[in-house]
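Novice: After the structure tokens below, expect a handful of questions from me.
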Amino acid sequence: MHEAQIRVAIAGAGGRMGRQLIQAAMAMEGVQLGAALEREGSSLLGSDAGELAGAGKSGVIVQSSLEAVKDDFDVFIDFTRPEGTLTHLAFCRQHGKGMVIGTTGFDDAGKQAIREASQEIAIVFAANFSVGVNVMLKLLEKAAKVMGYYSDIEIIEAHHRHKVDAPSGTALEMGEAIAGALDKNLKDCAVYSREGYTGERVPGTIGFATVRAGDIVGEHTAMFADIGERVEITHKASSRMTFANGALRAALWLKTKKNGLFDMRDVLGLDVL
């Protein structure tokens, strides 16, 4: 990798998250915007990435070909769609590039492809890159160990109308953190929908509820409810810049890693708490 600073490539440069990532990359010390990518045929191809993001001229032209920019970046940052991310993953694996993956909605095969690639390249893969959310995940593990065996657990998440997957990747990660603390597999205890006559709540399950409305950036709540009291742990994001800054922080952290699969708790050192 480049000795002076980390050079990053941003996928989906014209999207909401892509523009935030470009702004963050141009502003963060130790980071250089090396490349910005958009899909073939996009009207944004040929634009200056910084100007596209509202951050001023960057000198980096939006392109569609990874091959054309392979010498311009050390770490590839991807918050797009699973099918596109897996294509980028194969390229990065072939060329020894690190990856920061914030894409959600992968099936089991997609997750396995990421695990296999991490044997050769360094990857930070997380559903949410905000510091606050990752602190919350640690709190959920601790709450579950104390209250999870006897309380009813529900996870409620809300996002903007354009989000295409549900429950959110963060909500699923919350469920996995809680289930893991209880020595369970989330697949065996998750309840993703309720409609009509459902009967009484099955003890030991983890329920999920999803809201899609307006321009909500992201809200997540885990509820531990017992008779007479309940505990709610909530995180609310008001700007995507918190995710972008976290992703760039992860890219900087990858500078010293050769291979391996990591998440934001590794980046933040939360596993020691």
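In case you wondered, yes, glycine gets a Cβ from its N, Cα and C as well.
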Novice: Pick the one from Glu29, Glu38, Glu83 that Swiss-Prot also lists for the NAD(+) site with Gly12, Ala13, Gly14, Gly15, Arg16, Met17, Gly102, Thr103, Thr104, Ala126, Ala127, Asn128, Phe129.
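Specialist: That NAD(+) site, as Swiss-Prot gives it, pairs Gly12, Ala13, Gly14, Gly15, Arg16, Met17, Gly102, Thr103, Thr104, Ala126, Ala127, Asn128, Phe129 with Glu38.
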Novice: Whose Cβ, among the binding-site residues Gly12, Gly14, Gly169, has more other Cβ atoms within 10 Å than any of the rest?
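Specialist: The most densely surrounded of these binding-site residues is Gly12.
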Novice: Of all the recorded positions given, namely His160, Lys163, Gly169, which is spatially nearest to Gly12 (NAD(+) binding site) at the Cα level?
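Specialist: With Cα distances computed to Gly12 (NAD(+) binding site), the winner among His160, Lys163, Gly169 is Lys163.
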Novice: Express the distance between the Cα positions of Thr170 ((S)-2,3,4,5-tetrahydrodipicolinate binding site) and Ala126 (NAD(+) binding site) as a whole number of Å.
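Specialist: Each residue's Cα considered, Thr170 ((S)-2,3,4,5-tetrahydrodipicolinate binding site) and Ala126 (NAD(+) binding site) end up 8 Å apart.
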Novice: Determine, using Cα-Cα distances only, which of these recorded positions is closest to Asn128 (NAD(+) binding site): Arg39, His159, His160, Lys163, Gly169.
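Specialist: Nearest candidate: Gly169.
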